[in-house]
Amino acid sequence: MGTPGEGLGRCSHALIRGVPESLASGESAGAGLPALDLAKAQREHGVLGGKLRQRLGLQLLELPPEESLPLGPLIGDTAVIQGDTALITRPWSPARRPEVDGVRKALQDLGLRIVEMGDENATLDGTDVLFTGREFFVGLSKWTNHRGAEIVADTFRDFAVSTVPVSGPSHLRGLCGMGGPRTVVAGSSDAAQKAVRAMAVLTDHPYASLTLPDDAAADCLFLRPGLPGALPFLLHRGGGDLPNSQEALQKLSDVTLVPVSCSELEKAGAGLSSLCLVLSTRPHS
C-alpha cells in the first residue's frame with residue numbers, strides 16, 4: 001500500500017451504514033439541516049452500495065441503520081484507514097461520537113489494527129484527511145484541530161503528514177480529492193483553490209491538477225480494482241447531480257469513470273467520500 005501508484009490501494013472491501021428513518025427529519029439530523037426525502041436518500045445509498053459491489057467488485061459490508069445515529073451513514077468520518085491500520089476518529093460533534101462504536105467492531109472483525117484517539121482535546125473527522133498514496137494531508141477545519149492532525153501523524157509514521165487550513169463550511173475532502181495516482185482534482189471556489197495551493201507548497205511530490213467547476217465534484221474516490229490489468233476506477237458524482245463538472249472529469253482518461261448520485265444525502269451534509277470506508281485488507285477466515 002505504501003509505494004507510489006499502489007498507495008491508493010488495491011481494494012477488497014467497502015463498509016457502509018444504512019440510512020435510518022431519523023435522517024428524514026432536519027430537526028433530528030442536526031440543527032440547520034433541511035428535511036429530506038427518506039425514500040430517495042435510501043435509493044441513492046442502495047445504488048452506491050450496488051456500484052461498490054457489482055461495478056467495482058468489492059465485498060460490501062453494510063452496518064444496519066441506527067435510529068439514535070441519524071448521521072450514521074456518513075461513515076467516512078469515523079475512521080482513517082491505511083494498510084492494515086485503522087485510526088478511529090473523534091468527531092467534533094459529541095452527538096456523533098457513538099457512531100465510531102459499530103465501525104470499530106467491524107474493522108476489528110476484519111483484522112485491522114485499531115488505534116484509538118485517547119486525547120479529549122483532539123477532534124478529527126475522517127473526511128478532513130486526504131491520502132494521496134504518498135502522503136497525508138489533514139484539513140484544519142471546523143471539525144478537525146491540530147491535535148487531531150498530530151495523532152494522524154503519530155499513527156501513520158511511514159508517511160509525511162501535512163496540515164492544510166480549510167476555510168468555510170467544508171471538510172478538506174469536500175474541496176479536493178485524488179483523480180488518479182498523481183492527479184489532484186479540486187473545486188473552483190476560493191476555499192478549494194487555497195487548499196490546493198497550500199498542498200502544492202507542502203509536498204515534495206509532483207502532482208498534476210485538474211480544476212472542476214463544482215467543489216462537490218472533487219469529492220471523489222480513486223480506487224484500484226482487484227483484477228490485474230484493469231484500469232483504476234474513479235467513483236464520482238454523476239451528471240444528474242453536477243452536470244457542469246462532467247466535461248472536465250472526462251479529461252481523466254486513465255481511469256474508468258463510475259458515476260453515482262448523492263444529491264438527497266447531500267442535504268444531510270454527505271459528500272461521496274463520507275458515505276463509505278474502503279479497505280485493502282482481507283478478513284481473517
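Just so it is clear, glycine is given a Cβ too, placed from its N, Cα and C backbone atoms.
TrEMBL lists H171 with the feature active site, proton donor. Per TrEMBL, active site, nucleophile is recorded for C276.
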Cα-to-Cα gap, C276 (active site, nucleophile) vs the residue listed as 'active site, proton donor', nearest whole Å: 15
Neighbouring C-beta atoms (10 Å sphere around the C-beta of the residue listed as 'active site, proton donor'): 25
The residue listed as 'active site, nucleophile': tally of other CB atoms within 10 A of its CB: 25
